[in-house]
Amino acid sequence: MLDPRHVAEHLDEVRAALALRSPAAAASLGDDFASTVSARRSNIQELERWQAERNAANEAMARLDKKSPEFAQKRDELKALSTRIKEAEQVVSELEKRMTELLSVVPNLPDPSVPVGAGEEGNVVVRAWGEKPSFSFAPKSHWDIGTALGLLDFERAAKLSGARFTVLMGAAARLERALISFMLDLHTREQGYLEVLPPFLVKDTALFGTGNLPKFAEDLFKTQKSDPERAYDLYLIPTAEVPVTNLHADEILDGASLPIAYAAYTPCFRSEAGSHGRDVRGLIRQHQFDKVELVRFSAPEDSARQHELLTSHAEEVLKRLGLHYRVSALCTGDLGFGSQKTYDLEVWLPGQGVYREISSCSNFGDFQARRAQIRYRPEPKAKPRLVHTMNGSALAVGRTVIAILEQYQQADGTVVVPEPLRAFMGCEVLRGR
């Protein structure tokens, strides 16, 4: 969430920055907010005037005889002022609550380094690694490869759960498991992350903290309450970002402990409410998928460097697996709701002839930290400050399976196993289950 005080004091400037995202983003900070800010300012001025009158009345009473009529009169005036002050404080509190509610659906401000653009076409490719694999045959899509080898069963998945689910069979299931282990080992043993295995169900407060609620409720799977005494709702996590970021919600961290780096494997669950008719074939867009997530917490002055470091850690997975990819800096119009800067890692899929996102590495600045109240103390007696948070997939496991099937396919329909995974898999080539 944006800083309410900063927005109130620089409303036109903030709207201009939001307009770089889209007209809708600028409109999200509407006239309601401006009028609420104005009402708060007026009430604070009135409150301060009454507080000054109360202080003056207290000073006057101190000079009066407690048995005099004047003392009794001042005492009555003081009681009336105290009542007014209490009422005014309540009004200010309600107005500040309203400001927070209005800001809860306003996206983050783009970092000045983000390219300006209206949508995906405005993204800028900043680097690429490796070469597109060449084939002596027409490369197939992963769904054709997986089906022919008996590794991907879409029909039985539909029988079990409906559309956008897949059953991985035999070697495909082992490949998924091998990738999870390979990614976690790389991140924890070589890159310094602490492995976390969080709950896959979270409270609505956690989803508010990361910015998923209230704006993106339709993309979440909400459970039904079996216990009427439970005071909160539980949701299936859309990403490990949610529970891992909220590990430190409502905490004040020791500045000496920063940066903090976590790696977590979880299944993820998304309703894909806004993607009807898109990517209906294969593993690209599923209701349930596996992901290894990196989350970092840093001091503001180290934020940009930590974001670049996290991105390089996600890239290293692709490099080790020998998968050709490129890195795109998202433009202002394509940024996610809470992000101030994002790099997308896009892997080449020769069977489809396209690059597809396999990781989004985002810096949120203090946007999530303000919502979740994650702070740190730079020095032992210093005033707490908001941390900066950043995260990225490293990687989306199902999409990594897709990339391996398509980039490592052979003319006979088999698939070469990338060298780093062979010890996990116990084979060099996928020939079937």
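Placement of Cβ uses the backbone N, Cα and C atoms for every residue, glycine included.
Not measured: the values here are computed from a predicted model.
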Would you identify which residue of Ser141, Ser161, Ser393 Swiss-Prot lists as part of the L-serine site it also attributes to Thr239, Ala240, Glu241, Glu293? Ser393
How many Å lie between the Cα of Thr239 (L-serine binding site) and the Cα of Glu357 (ATP binding site)? 15
Under 8 Å Cβ-Cβ from Ala240 (L-serine binding site), six or more apart in the same chain: what's there? Val196, Pro198, Ala264, Tyr265, Thr266, Cys268, Lys291, Val292, Glu293, Val295
Rounded Cα distance, in Å, between Ser393 (L-serine binding site) and Ser359 (ATP binding site) is 5
With every protein chain in view, what's the tally of Cβ atoms within 10 Å of the Cβ of Glu272 (ATP binding site), excluding that atom itself? 15
For Glu272 (ATP binding site) and Glu241 (L-serine binding site), the CA-to-CA distance in whole Å is 17
Name the residues of the same chain, 6+ apart in sequence, whose Cβ is under 8 Å from the Cβ of Glu241 (L-serine binding site)? Thr210, Glu293, Val295, Asn391
